[in-house]
Structure formats: C-alpha cells, structure tokens
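One structure is given here, and the rest of the page talks about it.
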C-alpha cells in the first residue's frame, strides 16, 4: 500500500502549523536595521551582526578597539525580524505602493512608458534605483567606488541590468540583476501533480528568503496554480518569476499540441495582473533547431523547451511564442514585467554541453533581446545547464558576444553528472565559476535535483550552497565591500571568538552544532583550540605564542576595511 497520500497530508499539516505560528526568525546577536533614503518612504533593510570584544590581547596591557559590527545584505524582510507580527492571510506591507501611485498619475498625464527601463532611458532615477544603490553598498559610505543611484540608472538604461518590479507586486523590495552588482541567487519552488500544497509552497517561500533568496520562481505544474501563485505573491518580499507555458498547458489538459496564442495570452495577462515580476519565455526554440538535438545523449531537458518543440513538430511551423513575441513584449511593457528568455535547448548532460543546438538558440535570444528593448521591456538571458569546468567560460563569452550585454542567469551549471543527491555541490562549483566570469544571477540546485520535488530542508541546502557560490564570485570580481564579512570571520577565528564565528557564518545554527558535538561546555566558547587539534597543536595558538616570543613578528591585527580593499 502506498504511503504517498499519508506523507502528503503530514507535510501539509506541518506546513500549516509552520505558517499559523510564523514569527520573525532570530539571527544570533543580530539586529534588523534600515538605511534611509532621500525621502521617508525609502527604508532599505539590512542585518547587522554585532561582534564581541577581542578576548586574548596580543600585547599584554594594550587593549584593542572594539570590533565593529558587520552589515550584510538581507532578503528576509519581516521573516527575519523577531519583533514582527506576521499574518500570511493579510500579506506583506506594500512598500512600493506610494511610488507606483505617484508614477501612475504622471504617466496618465504624459503617456510615458512605465517600465524601469523606460525611466532609465529618460534619465529619471526612480525610488527603486536609489533603494538599490543603498542596498548594494549596505550603507558603507566610505567605499572607494560606491554604487550610486546614477550608476544604477545607467546600467538599467544600457540593458546591462534589470530591476524586476511588476507594478502589481508592491510588496517586493527592489533589487537588481546585473554583472556589475552583487551576484544574485534564485530559488525555485512550486508544486507538482504528485506532491505539495499551497501551504507547503508558501512555507518554502518564507524559508528561501530567510536563507538569502534574491528572487523566487514559482514553477507549479499541479493543482491550484493560480491560488498558489496568489499566496506566494502577496507574501513575497522578493521578485517572483514564472514559466507561463506551464499554466497554459494545464488549460489544455496537458496536450501540448492544443496550445495556442489565445490560450497563452490569457495566461500572461492573468499572471501579469497578479503581479508576477518576470516571465521565462522559451521563444528561441525554432523549428529548424529541433533536429540539432537528435544526436544528443539527453535530448531536450527543458520542460518549456520540450513542450514548444513538440508543438512545432505537430504544427510544422515556428512556435506561437516566436511568432507573437512582439505581442508578449506589449503585455510586459504595460505591467513592467521583465523577460527571462529561456534556454529551451540547454544541455542536460556533460556530453551535450556547448553544442550547436545550444548556441543556435542563444543567438536567437540575442535577436529577441533587441526586440524587447524596442518596447522598453527589461531582459535577462537564461543559460545552462550541464557544462564541464573547461567549457564554462565559453558560455559566458558567447552570451556576451550575442546578447548585447543583457544579464546572464544560469542553472548551475552542473560540472559532472555522477552525483545524484549531491547536485547542489556539482552545480555550485560551476555557479561560482560562471559568476566570477560575469553571470548576474544563479539559479540554485537542490540535493533533490533529478530525484524528486524539494522539501523545506532541500531548499535550505540549495540556498546555502549557492550563497557560497555567489559570494565567492563577488570576491573574485572585487565587488566593493564583499570581503568585509570574510575579514571579520578571519579575525574572529584568529582571536578564538567562537560566538562571533558562529554568528558570522551563513548558517550559524549548523556552525554552532558542529562545534558543540565535541566541546559543548560554555567554557569552550573562549578556549584557544577546537577538537580538531586540541590545546597543544592549534596552529593559531602557536602563532600567537610566536608573536609573543619574537616582538619583530608582531603585526597590527586590526583588519583593514575589506570594503575599501575590494574596491581597489
């Protein structure tokens, strides 16, 4: 007898319990702070990690100055505020409502385009752009090369960056996706015909934003797609993306050949009205490209790509997505929905990486990008997939060559095919590499990839792996301020400030639990060793002793501001 129904009921009950008792998450020794903009409506959230004093002074009798707190980018909104009252039935505060209404009155008078790209091209710095500049800098006014609102505007105007902010999703806190900004991470959630419920997907949304998701895609293919998306949007502080062809397929009872432009158009309008911030559109899958996949090991692995390929073959013509692309752009322009041009022919195995089908589609995506820009629609380009390490840079080079600087957004890529259950690791290797080469956003992969629908714990594992990859890429790019947290951690580690080490970690709970498995006593939180080396073999403790023995080896242990270092 199958246990699936009972497991599904249990998962739903657990999710309902989580949401009914939902309160802001407490990060150890952290506080939620705000940076004010030029008007009172611009309040940029961030998390401040407070640090303790240095316990073991390098020079007897000489007290070092206090360790400054570390400010970090925060996507958790009220879900990271222990003092917040949260009601998922009421939804989040509409932080952008006033900005949208003010612009609506102006646009009615002058008949201007309403997208962030349209404003940027007119030389207008929107509140969203100012918000983003403050957010990227984390209030570090002393940076050598800080991000300015004008820089944000110029990057958007050039098409090198996008601000996905549907005017019908006022709950979202503005963020930017572009190669000259912090590398962002997307988390995929969504139900299937086999598993999950609305409650579970909202739970995953909350969980993903707590662990740092910059955007979330609702890839629901099961029941209640509209209702699931509505709950997600009203409770999401981050941009929400979708693949509209999934809901369109549901409308025609799963028969790809019965899809049509009228059906798809209705879905686009419905989702845009709800507030979806970006659409993945697989308009680059052309009829002639399908035969290029015939000799692939894994064929067409994109769900949207395979659906459109089947439609093209059945009707022996180009897809309605390609034929009606300008109509799609007109809808997006009305709501400021960004386009994520899907890589329907991405490689699904190492053997298929960088093949003719993949790059043929990429060139078409570059052509579609220019068409979208004619309508002031913001665009990013989706990328692979499964790519071995030595072929990753070619993907970035080809995207820059053919897509006119539009941001690149990749799924990994996975660097080997041999590790089911660990594909969050195989893929974050490739993600870190392509992020360092200039990829703007990384789509996370969970341990369940190729195996099943991710649960809440899988979402966490995927997010942690990809926040590591994104941060490593930011360090490699020399992003202003990126190294501040690393240097604070290194200093805490050298000074045996264990509590600070836990609190500075991406996952403080796990860091603490690993330490406490062998040294749980409070006294061990000030000890000059851990269980790896013990008191006699700790290299850092010995290094302190060397400095005491030989004054010439003493150095100023005050860490230089890594924010300035990263900008040089």
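Every residue number used here counts from 1 along the chain in the order it is shown.
Cβ atoms here come from the backbone N, Cα and C positions, even for glycine.
Small disclaimer: the values here were computed from a predicted structure and weren't measured.
Record check: Swiss-Prot places 188, 217, 282, 302, 303, 304, 343, 344, 345, 346, 382, 409 at the substrate site, and the matching candidate among 119, 246, 466 is 246. A Cα-Cα distance of 40 Å separates residue 188 (substrate binding site) from residue 533 ([4Fe-4S] cluster binding site). A simple way to gauge crowding: the CB of residue 346 (substrate binding site) has 27 other CB atoms within 10 angstroms, across all the protein chains here. In the shown protein chains, 19 other C-beta atoms lie within 10 A of the C-beta of residue 530 ([4Fe-4S] cluster binding site). Here the binding-site residues are 386, 450, and the one ringed by the most other CB atoms within 10 angstroms is 386. Ranked by CA distance from residue 344 (substrate binding site), the binding-site residues 386, 450, 530, 533, 538 have 386 at the top as the closest.
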